[in-house]
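Asker: The annotation L-serine binding site is assigned in TrEMBL to A:THR234, A:ARG265, A:GLU288, A:ASN385. Under the heading ATP binding site, TrEMBL lists A:ARG265, A:ARG266, A:GLU267, A:GLU352, A:VAL353, A:SER354, A:SER355. Residues or ranges marked as domain 'Aminoacyl-transfer RNA synthetases class-II family profile' by TrEMBL: A:176-416.
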Amino acid sequence: MLQVAFIRENKETVIKGLEKRNLSNANELVSKTIAADEDRRAIQTELDAVLAESNKLSKDIGMLFKSGERQKAELLKEKTVQLKEQSKVLTDNLQNKANELQELLYIIPNIPNKIVPNGKGEDDNLTVFEEGEIPTLHEGALPHWELAKKYDIIDFELGNKITGAGFPVYKGKGARLQRALINYFLDKNTAAGYDEVQVPHLVNEASGIATGQLPDKEGQMYHDAQDNLFLIPTAEVPVTNIFRDVILKEDEFPICKTAYTPCFRREAGSYGAHVRGLNRLHQFDKVEIVRVEHPSKSYEALDGMAEHVKGILQELKMPYRILRLCGGDLGFTASLTYDFELFSTAQDRWLEVSSVSNFENFQANRLKLRFKNSNGKSELAHTLNGSSLALPRVLAGLLENCQTPEGIKIPEVLVPYCGFDIIN
RNA sequence: GGAGAAUUGGCAGAGUGGUCGAAUGCGGCAGUCUUGAAAACUGUUGAGGGUCACACCUCCGGGGGUUCGAAUCCCUCAUUCUCCGCCA
(Lines of atoms letter the chains of each structure in order from A and count residues from 1; the text may use other names and numbers.)
(Lines give C-alpha, C1' and ligand atoms only; values in the text may rest on other atoms or scores of the structure.)
Protein backbone atom coordinates (compact mmCIF):
# COMPACT_ATOMS: atom_id res chain seq x y z
CA MET A 1 0.00 0.00 0.00
CA LEU A 2 1.33 3.39 -0.96
CA GLN A 3 1.32 6.14 1.63
CA VAL A 4 -1.44 8.68 1.04
CA ALA A 5 0.95 11.52 1.70
CA PHE A 6 3.25 10.13 -0.98
CA ILE A 7 0.42 9.98 -3.51
CA ARG A 8 -0.64 13.49 -2.60
CA GLU A 9 2.84 14.90 -3.05
CA ASN A 10 3.87 12.86 -6.10
CA LYS A 11 0.72 12.65 -8.12
CA GLU A 12 2.40 12.62 -11.53
CA THR A 13 5.01 10.04 -10.54
CA VAL A 14 2.31 7.75 -9.23
CA ILE A 15 0.18 8.07 -12.35
CA LYS A 16 3.17 7.42 -14.57
CA GLY A 17 4.10 4.41 -12.49
CA LEU A 18 0.63 2.95 -12.73
CA GLU A 19 0.58 3.54 -16.46
CA LYS A 20 3.75 1.51 -16.73
CA ARG A 21 1.70 -1.32 -15.33
CA ASN A 22 -0.79 -0.67 -18.13
CA LEU A 23 -3.51 0.48 -15.76
CA SER A 24 -5.95 2.31 -17.99
CA ASN A 25 -7.61 4.26 -15.19
CA ALA A 26 -4.46 5.44 -13.41
CA ASN A 27 -5.35 9.10 -13.52
CA GLU A 28 -8.88 8.53 -12.29
CA LEU A 29 -7.72 6.23 -9.51
CA VAL A 30 -5.15 8.66 -8.22
CA SER A 31 -7.45 11.66 -8.44
CA LYS A 32 -10.17 9.83 -6.56
CA THR A 33 -7.70 8.85 -3.88
CA ILE A 34 -6.43 12.38 -3.41
CA ALA A 35 -9.99 13.70 -3.26
CA ALA A 36 -11.00 11.07 -0.71
CA ASP A 37 -7.99 11.92 1.39
CA GLU A 38 -8.82 15.62 1.30
CA ASP A 39 -12.40 14.94 2.28
CA ARG A 40 -11.29 12.64 5.05
CA ARG A 41 -8.98 15.20 6.54
CA ALA A 42 -11.61 17.93 6.32
CA ILE A 43 -14.12 15.79 8.20
CA GLN A 44 -11.45 14.81 10.70
CA THR A 45 -10.70 18.44 11.46
CA GLU A 46 -14.37 19.22 11.89
CA LEU A 47 -14.87 16.26 14.17
CA ASP A 48 -11.82 17.12 16.23
CA ALA A 49 -13.21 20.56 16.91
CA VAL A 50 -16.53 19.13 18.10
CA LEU A 51 -14.76 16.60 20.29
CA ALA A 52 -12.54 19.28 21.76
CA GLU A 53 -15.60 21.31 22.68
CA SER A 54 -17.31 18.30 24.13
CA ASN A 55 -14.25 17.28 26.15
CA LYS A 56 -14.04 20.74 27.59
CA LEU A 57 -17.70 20.73 28.62
CA SER A 58 -17.32 17.35 30.26
CA LYS A 59 -14.42 18.60 32.28
CA ASP A 60 -16.40 21.63 33.36
CA ILE A 61 -19.29 19.42 34.38
CA GLY A 62 -16.94 17.35 36.46
CA MET A 63 -15.64 20.45 38.22
CA LEU A 64 -19.13 21.74 38.89
CA PHE A 65 -20.21 18.44 40.40
CA LYS A 66 -17.17 18.50 42.60
CA SER A 67 -17.87 21.96 43.87
CA GLY A 68 -21.50 21.05 44.40
CA GLU A 69 -22.96 23.28 41.70
CA ARG A 70 -25.47 20.72 40.49
CA GLN A 71 -27.78 23.11 38.75
CA LYS A 72 -25.09 24.62 36.58
CA ALA A 73 -23.84 21.19 35.76
CA GLU A 74 -27.24 20.05 34.59
CA LEU A 75 -27.42 23.08 32.36
CA LEU A 76 -24.14 22.23 30.73
CA LYS A 77 -25.25 18.66 30.27
CA GLU A 78 -28.03 19.82 28.03
CA LYS A 79 -25.54 21.60 25.87
CA THR A 80 -23.61 18.41 25.27
CA VAL A 81 -26.59 16.69 23.70
CA GLN A 82 -26.28 18.67 20.50
CA LEU A 83 -22.54 18.15 20.32
CA LYS A 84 -23.06 14.46 20.69
CA GLU A 85 -25.42 14.41 17.76
CA GLN A 86 -22.92 16.28 15.68
CA SER A 87 -20.02 14.06 16.58
CA LYS A 88 -22.05 10.98 15.81
CA VAL A 89 -22.87 12.18 12.32
CA LEU A 90 -19.29 13.27 11.74
CA THR A 91 -17.89 10.00 13.02
CA ASP A 92 -20.09 8.10 10.59
CA ASN A 93 -19.01 10.34 7.74
CA LEU A 94 -15.41 9.96 8.71
CA GLN A 95 -15.72 6.20 8.83
CA ASN A 96 -17.32 6.08 5.40
CA LYS A 97 -14.71 8.33 3.90
CA ALA A 98 -11.88 6.43 5.56
CA ASN A 99 -13.26 3.16 4.19
CA GLU A 100 -13.57 4.65 0.73
CA LEU A 101 -9.96 5.82 0.92
CA GLN A 102 -8.78 2.50 2.28
CA GLU A 103 -10.45 0.60 -0.56
CA LEU A 104 -8.77 2.81 -3.10
CA LEU A 105 -5.39 2.39 -1.46
CA TYR A 106 -5.86 -1.35 -1.39
CA ILE A 107 -6.28 -1.57 -5.14
CA ILE A 108 -3.39 0.70 -6.11
CA PRO A 109 -0.33 -1.43 -6.88
CA ASN A 110 3.25 -0.47 -6.13
CA ILE A 111 5.13 1.98 -8.34
CA PRO A 112 7.63 0.21 -10.61
CA ASN A 113 11.27 1.16 -10.33
CA LYS A 114 12.71 3.36 -13.09
CA ILE A 115 14.61 0.45 -14.61
CA VAL A 116 11.52 -1.74 -14.98
CA PRO A 117 11.03 -2.23 -18.73
CA ASN A 118 7.80 -1.25 -20.40
CA GLY A 119 5.68 -4.11 -21.54
CA LYS A 120 2.41 -5.95 -21.36
CA GLY A 121 3.28 -9.48 -20.37
CA GLU A 122 5.92 -12.14 -20.09
CA ASP A 123 7.13 -11.70 -23.66
CA ASP A 124 8.31 -8.22 -22.76
CA ASN A 125 10.47 -9.25 -19.83
CA LEU A 126 14.11 -8.39 -20.22
CA THR A 127 16.70 -11.14 -20.09
CA VAL A 128 19.56 -9.66 -18.10
CA PHE A 129 21.72 -12.72 -17.59
CA GLU A 130 22.04 -16.21 -18.96
CA GLU A 131 24.40 -18.94 -17.90
CA GLY A 132 24.97 -22.68 -18.03
CA GLU A 133 25.11 -25.14 -20.82
CA ILE A 134 21.98 -26.74 -22.06
CA PRO A 135 22.74 -30.47 -22.01
CA THR A 136 22.30 -32.62 -25.08
CA LEU A 137 20.02 -35.41 -24.06
CA HIS A 138 20.41 -38.94 -25.20
CA GLU A 139 18.05 -40.67 -27.59
CA GLY A 140 14.78 -41.44 -25.83
CA ALA A 141 15.14 -38.79 -23.14
CA LEU A 142 11.92 -38.22 -21.24
CA PRO A 143 10.04 -35.35 -19.62
CA HIS A 144 10.15 -35.42 -15.83
CA TRP A 145 6.68 -36.90 -15.36
CA GLU A 146 7.71 -39.90 -17.43
CA LEU A 147 10.97 -40.18 -15.50
CA ALA A 148 9.05 -39.96 -12.24
CA LYS A 149 6.98 -42.93 -13.33
CA LYS A 150 9.89 -44.88 -14.77
CA TYR A 151 11.89 -44.71 -11.55
CA ASP A 152 8.82 -44.68 -9.30
CA ILE A 153 9.85 -41.56 -7.42
CA ILE A 154 6.79 -39.33 -7.80
CA ASP A 155 3.25 -40.65 -7.93
CA PHE A 156 0.73 -38.22 -9.32
CA GLU A 157 -2.18 -40.68 -9.45
CA LEU A 158 -1.76 -41.54 -5.80
CA GLY A 159 -1.97 -37.85 -4.96
CA ASN A 160 -5.14 -37.63 -7.03
CA LYS A 161 -6.67 -40.36 -4.93
CA ILE A 162 -5.65 -38.94 -1.58
CA THR A 163 -6.40 -35.29 -2.31
CA GLY A 164 -6.81 -34.30 -5.93
CA ALA A 165 -4.84 -33.03 -8.89
CA GLY A 166 -1.75 -31.05 -8.02
CA PHE A 167 -0.88 -32.92 -4.84
CA PRO A 168 1.77 -35.45 -5.81
CA VAL A 169 3.24 -38.11 -3.57
CA TYR A 170 7.04 -38.28 -3.54
CA LYS A 171 8.40 -41.76 -3.01
CA GLY A 172 11.69 -43.36 -2.08
CA LYS A 173 14.62 -41.60 -3.68
CA GLY A 174 12.27 -38.92 -4.95
CA ALA A 175 11.25 -38.04 -1.40
CA ARG A 176 14.85 -38.20 -0.29
CA LEU A 177 16.01 -35.97 -3.14
CA GLN A 178 13.35 -33.44 -2.28
CA ARG A 179 14.43 -33.40 1.34
CA ALA A 180 18.06 -33.13 0.26
CA LEU A 181 17.27 -30.08 -1.83
CA ILE A 182 15.46 -28.42 1.08
CA ASN A 183 18.39 -29.01 3.41
CA TYR A 184 20.89 -27.91 0.82
CA PHE A 185 19.02 -24.67 0.18
CA LEU A 186 18.61 -23.95 3.87
CA ASP A 187 22.30 -24.60 4.50
CA LYS A 188 23.29 -22.28 1.67
CA ASN A 189 21.02 -19.57 3.04
CA THR A 190 22.17 -19.82 6.63
CA ALA A 191 25.79 -19.84 5.45
CA ALA A 192 25.04 -16.55 3.68
CA GLY A 193 23.76 -15.03 6.92
CA TYR A 194 20.06 -15.77 6.71
CA ASP A 195 18.58 -16.71 10.05
CA GLU A 196 16.44 -19.84 9.81
CA VAL A 197 12.90 -19.76 11.17
CA GLN A 198 10.01 -22.20 11.24
CA VAL A 199 6.70 -20.48 10.92
CA PRO A 200 2.99 -21.36 10.94
CA HIS A 201 1.53 -22.67 7.69
CA LEU A 202 -1.79 -21.04 8.39
CA VAL A 203 -2.15 -17.32 8.84
CA ASN A 204 -4.92 -15.02 9.97
CA GLU A 205 -6.61 -12.31 7.98
CA ALA A 206 -4.45 -9.50 9.33
CA SER A 207 -1.32 -11.25 8.10
CA GLY A 208 -2.81 -11.79 4.66
CA ILE A 209 -3.71 -8.11 4.42
CA ALA A 210 -0.31 -6.96 5.61
CA THR A 211 1.62 -8.74 2.87
CA GLY A 212 -0.92 -7.93 0.19
CA GLN A 213 -2.66 -11.26 -0.50
CA LEU A 214 -5.87 -9.87 0.95
CA PRO A 215 -8.35 -8.43 0.39
CA ASP A 216 -8.20 -8.76 -3.41
CA LYS A 217 -6.53 -12.10 -4.05
CA GLU A 218 -8.27 -14.35 -1.58
CA GLY A 219 -9.34 -16.67 -4.38
CA GLN A 220 -5.74 -17.80 -4.68
CA MET A 221 -5.54 -19.06 -1.11
CA TYR A 222 -7.14 -22.03 0.59
CA HIS A 223 -9.38 -20.74 3.34
CA ASP A 224 -10.50 -22.39 6.54
CA ALA A 225 -13.79 -20.60 7.09
CA GLN A 226 -14.42 -22.10 10.50
CA ASP A 227 -11.42 -20.38 12.04
CA ASN A 228 -10.94 -17.77 9.33
CA LEU A 229 -7.40 -18.87 8.62
CA PHE A 230 -5.59 -19.14 5.30
CA LEU A 231 -3.10 -21.75 4.15
CA ILE A 232 0.03 -19.89 3.17
CA PRO A 233 0.73 -19.47 -0.55
CA THR A 234 4.37 -18.72 0.31
CA ALA A 235 6.54 -18.41 3.41
CA GLU A 236 6.75 -14.72 2.60
CA VAL A 237 3.44 -14.24 4.39
CA PRO A 238 4.25 -15.64 7.86
CA VAL A 239 7.91 -14.62 7.75
CA THR A 240 7.29 -11.02 6.73
CA ASN A 241 4.51 -10.80 9.30
CA ILE A 242 7.04 -11.44 12.03
CA PHE A 243 7.66 -7.73 11.57
CA ARG A 244 4.09 -6.50 11.60
CA ASP A 245 3.63 -3.57 14.02
CA VAL A 246 7.31 -3.46 14.78
CA ILE A 247 9.51 -0.40 15.23
CA LEU A 248 13.13 -1.33 14.67
CA LYS A 249 16.26 0.42 15.74
CA GLU A 250 18.41 1.57 12.87
CA ASP A 251 21.30 -0.66 13.92
CA GLU A 252 19.14 -3.79 13.62
CA PHE A 253 19.46 -3.70 9.83
CA PRO A 254 19.95 -5.80 7.84
CA ILE A 255 17.46 -8.44 8.90
CA CYS A 256 17.77 -11.66 6.93
CA LYS A 257 15.47 -14.63 7.43
CA THR A 258 15.06 -17.92 5.67
CA ALA A 259 12.33 -20.50 6.03
CA TYR A 260 11.27 -23.73 4.47
CA THR A 261 7.52 -24.23 4.15
CA PRO A 262 5.05 -26.01 1.98
CA CYS A 263 3.05 -23.56 -0.11
CA PHE A 264 -0.60 -23.93 -1.01
CA ARG A 265 -2.15 -22.31 -4.03
CA ARG A 266 -5.57 -22.79 -5.50
CA GLU A 267 -4.32 -21.75 -8.94
CA ALA A 268 -7.90 -21.23 -9.98
CA GLY A 269 -8.32 -21.20 -13.71
CA SER A 270 -4.90 -22.46 -14.71
CA TYR A 271 -5.33 -25.91 -16.16
CA GLY A 272 -3.96 -27.45 -19.30
CA ALA A 273 -0.93 -29.12 -20.81
CA HIS A 274 1.55 -26.53 -19.54
CA VAL A 275 0.72 -27.42 -15.94
CA ARG A 276 1.66 -31.04 -16.42
CA GLY A 277 3.73 -32.95 -13.91
CA LEU A 278 5.53 -30.73 -11.46
CA ASN A 279 5.15 -27.58 -13.51
CA ARG A 280 2.29 -26.22 -11.44
CA LEU A 281 0.99 -27.71 -8.22
CA HIS A 282 -1.51 -26.88 -5.50
CA GLN A 283 0.96 -27.88 -2.83
CA PHE A 284 4.68 -27.52 -3.22
CA ASP A 285 7.74 -26.94 -1.12
CA LYS A 286 9.78 -23.78 -1.17
CA VAL A 287 12.67 -22.27 0.71
CA GLU A 288 12.30 -18.54 1.01
CA ILE A 289 14.57 -15.66 1.93
CA VAL A 290 13.20 -12.45 3.40
CA ARG A 291 15.00 -9.24 4.18
CA VAL A 292 14.10 -6.07 6.01
CA GLU A 293 16.33 -3.19 5.06
CA HIS A 294 17.04 0.46 5.49
CA PRO A 295 15.52 2.29 2.48
CA SER A 296 18.94 3.44 1.33
CA LYS A 297 20.22 -0.14 1.22
CA SER A 298 17.34 -2.10 -0.25
CA TYR A 299 18.53 -2.21 -3.85
CA GLU A 300 21.96 -3.26 -2.78
CA ALA A 301 20.21 -6.01 -0.82
CA LEU A 302 18.17 -7.01 -3.87
CA ASP A 303 21.34 -7.44 -5.89
CA GLY A 304 22.86 -9.45 -3.06
CA MET A 305 19.85 -11.75 -3.01
CA ALA A 306 20.00 -12.22 -6.76
CA GLU A 307 23.70 -13.06 -6.55
CA HIS A 308 22.94 -15.56 -3.83
CA VAL A 309 20.30 -17.36 -5.89
CA LYS A 310 22.67 -17.32 -8.84
CA GLY A 311 25.28 -19.05 -6.72
CA ILE A 312 22.91 -21.88 -5.92
CA LEU A 313 21.93 -22.47 -9.53
CA GLN A 314 25.58 -22.40 -10.53
CA GLU A 315 26.42 -25.05 -7.96
CA LEU A 316 23.62 -27.20 -9.25
CA LYS A 317 25.08 -26.70 -12.71
CA MET A 318 21.72 -25.93 -14.19
CA PRO A 319 21.23 -23.76 -17.27
CA TYR A 320 19.27 -20.70 -16.19
CA ARG A 321 18.54 -17.12 -17.07
CA ILE A 322 17.52 -14.05 -15.16
CA LEU A 323 14.69 -11.82 -16.29
CA ARG A 324 13.83 -8.34 -15.18
CA LEU A 325 10.07 -8.29 -15.16
CA CYS A 326 8.33 -5.67 -17.24
CA GLY A 327 5.61 -3.37 -15.94
CA GLY A 328 2.81 -5.61 -17.12
CA ASP A 329 4.21 -8.75 -15.50
CA LEU A 330 5.29 -7.21 -12.22
CA GLY A 331 3.50 -8.44 -9.10
CA PHE A 332 1.07 -6.15 -7.29
CA THR A 333 3.35 -5.35 -4.37
CA ALA A 334 6.73 -5.25 -6.13
CA SER A 335 8.81 -2.32 -7.36
CA LEU A 336 11.39 -4.46 -9.07
CA THR A 337 11.49 -8.20 -9.61
CA TYR A 338 14.04 -10.60 -11.03
CA ASP A 339 12.71 -13.97 -12.11
CA PHE A 340 15.07 -16.91 -12.32
CA GLU A 341 14.21 -19.49 -14.93
CA LEU A 342 15.77 -22.86 -15.26
CA PHE A 343 15.81 -24.56 -18.62
CA SER A 344 13.93 -27.80 -18.70
CA THR A 345 15.60 -29.58 -21.58
CA ALA A 346 13.15 -32.39 -22.22
CA GLN A 347 10.23 -29.99 -22.24
CA ASP A 348 12.25 -27.44 -24.17
CA ARG A 349 10.99 -24.59 -22.00
CA TRP A 350 12.01 -22.29 -19.20
CA LEU A 351 10.62 -22.87 -15.74
CA GLU A 352 10.41 -20.14 -13.13
CA VAL A 353 12.21 -21.35 -10.02
CA SER A 354 12.73 -18.10 -8.18
CA SER A 355 11.40 -14.60 -8.01
CA VAL A 356 13.34 -11.99 -6.11
CA SER A 357 11.65 -8.69 -5.38
CA ASN A 358 12.06 -5.38 -3.66
CA PHE A 359 8.77 -4.08 -2.29
CA GLU A 360 10.33 -0.88 -1.03
CA ASN A 361 7.94 0.40 1.65
CA PHE A 362 4.76 -0.91 0.03
CA GLN A 363 4.42 -3.90 2.35
CA ALA A 364 5.97 -2.05 5.28
CA ASN A 365 3.15 0.47 5.08
CA ARG A 366 0.56 -2.24 5.54
CA LEU A 367 2.71 -4.04 8.08
CA LYS A 368 3.39 -0.84 10.01
CA LEU A 369 7.01 -1.90 9.94
CA ARG A 370 9.09 1.11 10.82
CA PHE A 371 12.42 2.11 12.23
CA LYS A 372 13.71 5.10 14.12
CA ASN A 373 15.85 7.10 11.74
CA SER A 374 18.82 9.19 12.79
CA ASN A 375 16.51 12.12 13.55
CA GLY A 376 14.55 9.95 15.95
CA LYS A 377 11.56 9.88 13.60
CA SER A 378 9.64 6.78 12.61
CA GLU A 379 10.14 5.86 8.99
CA LEU A 380 8.90 2.89 6.97
CA ALA A 381 11.45 0.16 6.35
CA HIS A 382 11.89 -1.70 3.06
CA THR A 383 11.03 -5.37 2.66
CA LEU A 384 12.32 -7.85 0.11
CA ASN A 385 11.93 -11.50 -0.54
CA GLY A 386 12.92 -14.22 -2.89
CA SER A 387 12.70 -17.94 -3.40
CA SER A 388 15.80 -19.95 -2.88
CA LEU A 389 14.32 -22.01 -4.35
CA ALA A 390 10.95 -23.45 -5.36
CA LEU A 391 11.37 -27.20 -5.20
CA PRO A 392 9.18 -28.87 -7.83
CA ARG A 393 10.54 -27.07 -10.85
CA VAL A 394 14.09 -27.46 -9.67
CA LEU A 395 13.32 -31.12 -9.32
CA ALA A 396 11.73 -31.21 -12.76
CA GLY A 397 14.74 -29.54 -14.33
CA LEU A 398 17.12 -31.71 -12.43
CA LEU A 399 15.42 -34.94 -13.46
CA GLU A 400 15.30 -33.93 -17.09
CA ASN A 401 18.72 -32.32 -17.41
CA CYS A 402 20.58 -34.96 -15.44
CA GLN A 403 19.07 -37.99 -17.09
CA THR A 404 21.42 -40.46 -18.74
CA PRO A 405 20.80 -43.90 -20.22
CA GLU A 406 22.00 -45.30 -16.87
CA GLY A 407 19.74 -43.19 -14.71
CA ILE A 408 19.52 -39.75 -13.16
CA LYS A 409 22.91 -38.48 -12.09
CA ILE A 410 22.61 -36.44 -8.89
CA PRO A 411 24.54 -33.12 -8.99
CA GLU A 412 27.68 -33.34 -6.92
CA VAL A 413 26.68 -30.82 -4.24
CA LEU A 414 23.58 -32.83 -3.48
CA VAL A 415 25.21 -36.23 -3.13
CA PRO A 416 26.15 -35.77 0.54
CA TYR A 417 22.57 -34.68 1.22
CA CYS A 418 21.02 -37.56 -0.71
CA GLY A 419 23.29 -40.37 0.28
CA PHE A 420 23.22 -41.67 -3.32
CA ASP A 421 24.52 -40.37 -6.62
CA ILE A 422 22.16 -41.93 -9.10
CA ILE A 423 18.50 -42.79 -9.41
CA ASN A 424 18.07 -45.90 -11.51
C1' G B 1 -14.21 -28.71 25.23
C1' G B 2 -15.69 -26.91 30.67
C1' A B 3 -14.65 -23.52 35.12
C1' G B 4 -11.92 -19.42 37.09
C1' A B 5 -8.19 -15.26 36.84
C1' A B 6 -5.75 -11.87 33.87
C1' U B 7 -4.35 -8.43 29.44
C1' U B 8 -1.98 -0.79 31.13
C1' G B 9 3.93 2.91 27.87
C1' G B 10 10.74 -0.89 25.97
C1' C B 11 10.06 -3.91 30.72
C1' A B 12 8.00 -4.28 35.73
C1' G B 13 3.83 -2.28 37.95
C1' A B 14 -0.08 1.41 40.22
C1' G B 15 -4.60 3.22 38.84
C1' U B 16 -12.40 0.73 39.73
C1' G B 17 -16.32 6.79 36.72
C1' G B 18 -14.14 13.28 36.32
C1' U B 19 -8.06 17.95 35.56
C1' C B 20 -5.21 10.12 33.48
C1' G B 21 -1.69 9.69 27.94
C1' A B 22 -1.69 7.48 32.67
C1' A B 23 1.98 7.28 39.53
C1' U B 24 6.42 4.73 40.73
C1' G B 25 10.72 1.69 39.62
C1' C B 26 13.99 -0.27 35.91
C1' G B 27 15.85 0.46 31.12
C1' G B 28 16.99 4.24 27.00
C1' C B 29 18.73 9.24 25.69
C1' A B 30 21.02 14.13 27.04
C1' G B 31 23.61 16.94 30.69
C1' U B 32 26.51 17.89 35.50
C1' C B 33 30.63 15.68 38.05
C1' U B 34 35.22 12.60 36.27
C1' U B 35 41.58 12.12 32.74
C1' G B 36 37.92 8.26 31.16
C1' A B 37 34.26 5.04 33.15
C1' A B 38 31.08 3.66 37.19
C1' A B 39 28.14 5.77 41.01
C1' A B 40 25.30 10.02 42.21
C1' C B 41 22.38 14.10 40.66
C1' U B 42 19.29 16.94 36.86
C1' G B 43 16.39 16.78 32.65
C1' U B 44 14.15 13.89 28.96
C1' U B 45 11.90 9.41 27.03
C1' G B 46 4.96 5.71 23.51
C1' A B 47 2.27 5.73 18.65
C1' G B 48 -0.84 7.98 14.95
C1' G B 49 -3.61 12.22 12.89
C1' G B 50 -3.37 17.54 12.50
C1' U B 51 -0.52 22.44 12.20
C1' C B 52 4.50 26.65 9.16
C1' A B 53 4.76 25.93 14.39
C1' C B 54 1.33 25.62 18.34
C1' A B 55 -3.53 24.39 19.61
C1' C B 56 -6.36 20.30 19.17
C1' C B 57 -7.99 15.00 18.25
C1' U B 58 -7.39 9.47 18.71
C1' C B 59 -5.19 5.14 21.07
C1' C B 60 -4.63 1.64 28.28
C1' G B 61 -5.50 -6.53 24.03
C1' G B 62 -9.50 -6.05 19.33
C1' G B 63 -14.62 -4.63 18.40
C1' G B 64 -19.29 -2.75 20.30
C1' G B 65 -22.30 -0.42 24.29
C1' U B 66 -23.76 2.61 28.92
C1' U B 67 -22.55 7.86 30.52
C1' C B 68 -22.21 14.88 30.00
C1' G B 69 -17.54 12.12 31.04
C1' A B 70 -14.56 5.23 30.64
C1' A B 71 -7.99 2.52 31.56
C1' U B 72 -11.97 2.14 35.27
C1' C B 73 -19.03 -0.22 34.28
C1' C B 74 -21.62 -3.76 30.57
C1' C B 75 -21.45 -7.13 26.07
C1' U B 76 -18.42 -9.73 22.66
C1' C B 77 -13.98 -11.71 20.43
C1' A B 78 -8.76 -12.86 20.89
C1' U B 79 -4.64 -14.12 23.80
C1' U B 80 -2.17 -15.70 28.44
C1' C B 81 -2.22 -18.31 33.18
C1' U B 82 -4.51 -22.00 36.80
C1' C B 83 -7.75 -26.31 37.48
C1' C B 84 -10.63 -30.32 34.97
C1' G B 85 -11.37 -33.24 30.40
C1' C B 86 -9.06 -34.96 25.83
C1' C B 87 -4.65 -35.78 23.15
C1' A B 88 0.55 -36.16 19.26
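Backbone N, Cα and C atoms are what each Cβ position is placed from, and that goes for glycine too.
Please treat TrEMBL annotations as automatic predictions, because they have not gone through curation.
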Asker: Quick check for the class: what is the C-alpha distance, in angstrom and rounded, between A:ASN385 (L-serine binding site) and A:GLU352 (ATP binding site)?
Answerer: 15
Asker: Based on the record's binding annotation for ATP (A:ARG265, A:ARG266, A:GLU267, A:GLU352, A:VAL353, A:SER354, A:SER355), what whole-number value in Å is the widest Cα to Cα distance?
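Answerer: With A:ARG265, A:ARG266, A:GLU267, A:GLU352, A:VAL353, A:SER354, A:SER355 as the binding residues for ATP, the largest Cα distance is 19 Å.
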Asker: Looking only at Cβ atoms, how many others are within 10 Å of the one on A:VAL353 (ATP binding site)?
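Answerer: The Cβ of A:VAL353 (ATP binding site) has 28 Cβ neighbours within 10 Å.
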Asker: Radius 10 Å, atoms counted are CB only; among the binding-site residues A:ARG265, A:ARG266, which position scores highest?
Answerer: A:ARG265
Asker: Can you tell me how spread out the L-serine site is, meaning the largest CA to CA distance among A:THR234, A:ARG265, A:GLU288, A:ASN385, in Å?
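Answerer: In whole numbers, the farthest two Cα atoms are 18 Å apart.
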Asker: What is the one among the binding-site residues A:GLU267, A:GLU288, A:GLU352 whose Cβ has the most other Cβ atoms less than or equal to 10 Å away?
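Answerer: Buried the deepest by this measure is A:GLU288.
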Asker: How many whole Å apart are the CA atoms of A:SER354 (ATP binding site) and A:GLU288 (L-serine binding site)?
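Answerer: With the alpha carbons as reference points, the distance is 9 Å.
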Asker: I'd like to know the mean pLDDT over the domain 'Aminoacyl-transfer RNA synthetases class-II family profile' (A:176-416).
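Answerer: 92, rounded to a whole number.
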Asker: Validating a neighbour-count step here. Other CB atoms within 10 A of the CB of A:SER355 (ATP binding site): how many?
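Answerer: A:SER355 (ATP binding site) is surrounded by 22 other Cβ atoms within 10 Å.
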Asker: Taking the Cβ of A:THR234 (L-serine binding site) as the centre, count every other Cβ atom within 10 Å, in any protein chain shown.
Answerer: 21
Asker: What's the CA to CA span in angstrom from A:SER355 (ATP binding site) over to A:THR234 (L-serine binding site)?
Answerer: 12
Asker: Sorry to bug you, but what's the C-alpha spacing from A:ARG266 (ATP binding site) to A:THR234 (L-serine binding site), rounded to the closest Å?
Answerer: 12
Asker: 10 Å Cβ neighbour count around A:ASN385 (L-serine binding site)?
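Answerer: The Cβ of A:ASN385 (L-serine binding site) has 27 Cβ neighbours within 10 Å.
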